[in-house]
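Here the structure comes first, spelled out in structure tokens, and everything after it is commentary.
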Amino acid sequence: MSRIGKLPITVPSGVTVTIGEDNLVTIKGPKGTLSQKVHKDITVKHEGAVITVSRPSDAKPHKAMHGLYRALLHNLVVGVTNGFEKRLHMEGVGYRAQAAGKQLTLNVGFSHPVVIDAPENISFETPQPTEIVVKGIDKQQVGAVAADIRAIRKPEPYLGKGIRYVDEVVRRKEGKAGKK
């Protein structure tokens, strides 16, 4: 049995689960609605306040899909109840971020400010001028938007300037030794 796949998913109150045809699982909660198409070999059952995921055999592809779809469905349940957030930190002289509505404006050492429009279901917050919080209900989308923001100015290894995740450790390099 898959270590992750065998775990049941508890559905909190206020969340409705619908398993449609073609194994399309739709989960509706207080923060919104998310859906995930599940492979035809994987069986999803919803009984009471529990979702269980099962597989037809112990073949390696079935084992892999079993854990994958259980994790994806769990992320949907967490997303529509609590949501997800990624925090980024900016390091560098004059590096600033400003959130206004659905737009994020970054001043990161270019000759022009970089403006990012938030996709559907994503919001930006800037608690401090050097901190960015990306929030949303879809874990994959939150991570992708945060990665796009980080890619604008990746942290460089000599001075550590750039945009990084809050929990990210940037490997630092020593500068040139110079002549003596």
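Using N, Cα and C of the backbone, Cβ positions are placed for all residues, glycine too.
What TrEMBL says about this protein:
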- 11-83: domain 'Large ribosomal subunit protein uL6 alpha-beta' (DOMAIN)
- 92-165: domain 'Large ribosomal subunit protein uL6 alpha-beta' (DOMAIN)
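Note on the domain 'Large ribosomal subunit protein uL6 alpha-beta' (92-165): mean pLDDT across this stretch is 94. DSSP places the residues of the domain 'Large ribosomal subunit protein uL6 alpha-beta' (11-83) in helix, strand and coil in these numbers: 25 helix, 26 strand, 22 coil. Residue counts of the domain 'Large ribosomal subunit protein uL6 alpha-beta' (92-165) by helix, strand and coil are 14 helix, 28 strand, 32 coil (DSSP-based).
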